[in-house]
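Visitor: Below are the features listed in TrEMBL for this protein:
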| type | residues | note |
| --- | --- | --- |
| ACT_SITE | His215 | active site, tele-phosphohistidine intermediate |
| ACT_SITE | Glu285 | active site, proton donor/acceptor |
| BINDING | Arg214, His215, Gly216, Glu217, Ser218, Val219, Tyr220, Asn221, Arg265 | substrate binding site |
| DOMAIN | 1-206 | domain '6-phosphofructo-2-kinase' |
Amino acid sequence: MVGLPARGKTYIAQKVCRYLQWLSVSTKVFNVGNYRRKLHGAHQMHSFFDPHNTEGESARKEAALEALKDMIKWFLEEDGTVAIFDATNSTRERRCMIIDYCKKYDVQVMFIESICQDESLILQNIMDVKLSSPDYKDMDPEKAAEDFRARISHYEEAYETLNEMKNESDYTYAKLINVGSQVMINMIQGYLQSRIVYYLMNLHILPRNIFFSRHGESVYNLEGKIGGDSKLSPRGRKYALALPELIKANLGDQPLTVWTSTLKRTIETAKHLQYPKLQWKALDELDAGVCDGMTYEEIEAKYPEDYFNRDEDKFNYRYRGGESYRDVVYRLEPVIMELERQQNILIIGHQAILRCIYAYFQKLSQDDLPYVKIPLHTVIKLTPKAYTCQEERYKIDIDAVDTHRPKPKRPTDVSN
């Protein structure tokens, strides 16, 4: 990362990390500020960051080198793929140090510079993020803001933007201006770098809500069958009638777009919602292949080996002629990209699909993803924040079957 304080670097770092981890790319953030606090304490006043303070400069360089050492160790010992070095890295000298250090270990470097010219965004970042930082714990908010602005001024004095005319023309980098309103790229090569740039081009930080709801209870739900394209049950139709009131109560007059799959049960559930609607083939339920339309009991009887294998590794298990959860994650990547571009969205989807999207926003592991509880007749509201995603759940008082299958307990290994 490159950029002045309060320009959204850590926000971008966390978002990129979450996106790559969701795609099963081994990724980790190394935040140099955490190393500085560990080595030299949290409560450093703005003078510590003055470029003329040689002692402070030496201490900050020490923190950067410690983070780099741990990063390389992670690459070598834990088979890491993408490390995100989260710091200002705001001078050509510091960036050159990083390039030289990484070259010794054959690590490719890509810089992401966040430039913010919008004062309202900077102020919002100061208030929302930095004043809750450990650097300003238990400090009067006004004094903290004053000190932080002085810190920014020190960085501005020494700041050197990435510049192809200043011996950085062969660096790989992306410049984001005002969190993605404009993106400039240089020497981007390969699949991962291209995916990161494409992702960055879709980011925004405008306030928004993302609502999830499974379709209303279906006939197949009542019969215990998976997959298919069945219609709603009578209780499912009641849920469809009740859904607009709940959404209206949460959104008021704010705009909203409703996304559904192409299957009958999601389209029926959205029928009474008076908002623009969009059908996505990518939101169709996980393809159960030869098991489509069967109950779990029938699958266990007819395909006992498959039934066992799915319980052993539910994320990677692929139905015969069908899909795995891993397949669905890759299928949903365009949906995630579009979600990052949008504001208020309601997705009326299916259990496996919503689990995958929920896991992206809540940064869940592959082991936990296939077991997330997404009950019928319940609306999940997610509000993305800088470092977290707030969650609220609203249960509509209409009974429905419980389709959740808990994670099987592993038998204890007992050796003779």
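Using N, Cα and C of the backbone, Cβ positions are placed for all residues, glycine too.
Because the structure is a prediction, the values reported are computed rather than measured.
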Visitor: Around Ser218 (substrate binding site), how many other C-beta atoms are within 10 angstroms of its C-beta?
Guide: 29
Visitor: At the Cα level, what's the spacing in Å between Ser218 (substrate binding site) and the residue listed as 'active site, proton donor/acceptor', rounded?
Guide: 13
Visitor: In whole Å, note down how far the CA of Glu285 (active site, proton donor/acceptor) lies from the CA of His215 (active site, tele-phosphohistidine intermediate).
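Guide: About 11 Å separates the two Cα atoms.
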Visitor: Enumerate same-chain residues with a sequence separation of six or more from Arg214 (substrate binding site) and a Cβ-Cβ distance below 8 A; give 'none' if the list is empty.
Guide: Ile348, Gly349, His350, Gln351, Leu354, Ile374, Pro375, Leu376, His377, Thr378
Visitor: Over the domain '6-phosphofructo-2-kinase' (1-206), what does the predicted model average in pLDDT?
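Guide: Value for the domain '6-phosphofructo-2-kinase' (1-206), mean pLDDT as a whole number: 91.
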Visitor: Suppose the substrate site is Arg214, His215, Gly216, Glu217, Ser218, Val219, Tyr220, Asn221, Arg265. Which further residues of the same chain have a Cβ inside 8 angstroms of that site's Cβ centroid?
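Guide: What remains near the Cβ centre is Ser230, Leu232, Ser233, Gly236, Leu376.
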Visitor: Return the maximum Cα to Cα distance in Å (whole number) over the record's substrate-binding residues: Arg214, His215, Gly216, Glu217, Ser218, Val219, Tyr220, Asn221, Arg265.
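Guide: In whole numbers, the farthest two Cα atoms are 14 Å apart.
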Visitor: Would you kindly give the Cα-Cα distance separating Arg265 (substrate binding site) and the residue listed as 'active site, proton donor/acceptor', rounded to the nearest Å?
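Guide: The Cα atom of the residue listed as 'active site, proton donor/acceptor' is 11 Å away from the Cα atom of Arg265 (substrate binding site).
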Visitor: If you count the C-beta atoms lying within 10 Å of each candidate's C-beta, which of the recorded positions Gly216, Tyr220, Arg265, Glu285 ends up with the smallest number?
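Guide: Lowest Cβ count within 10 Å among the recorded positions (Gly216, Tyr220, Arg265, Glu285) is Tyr220.
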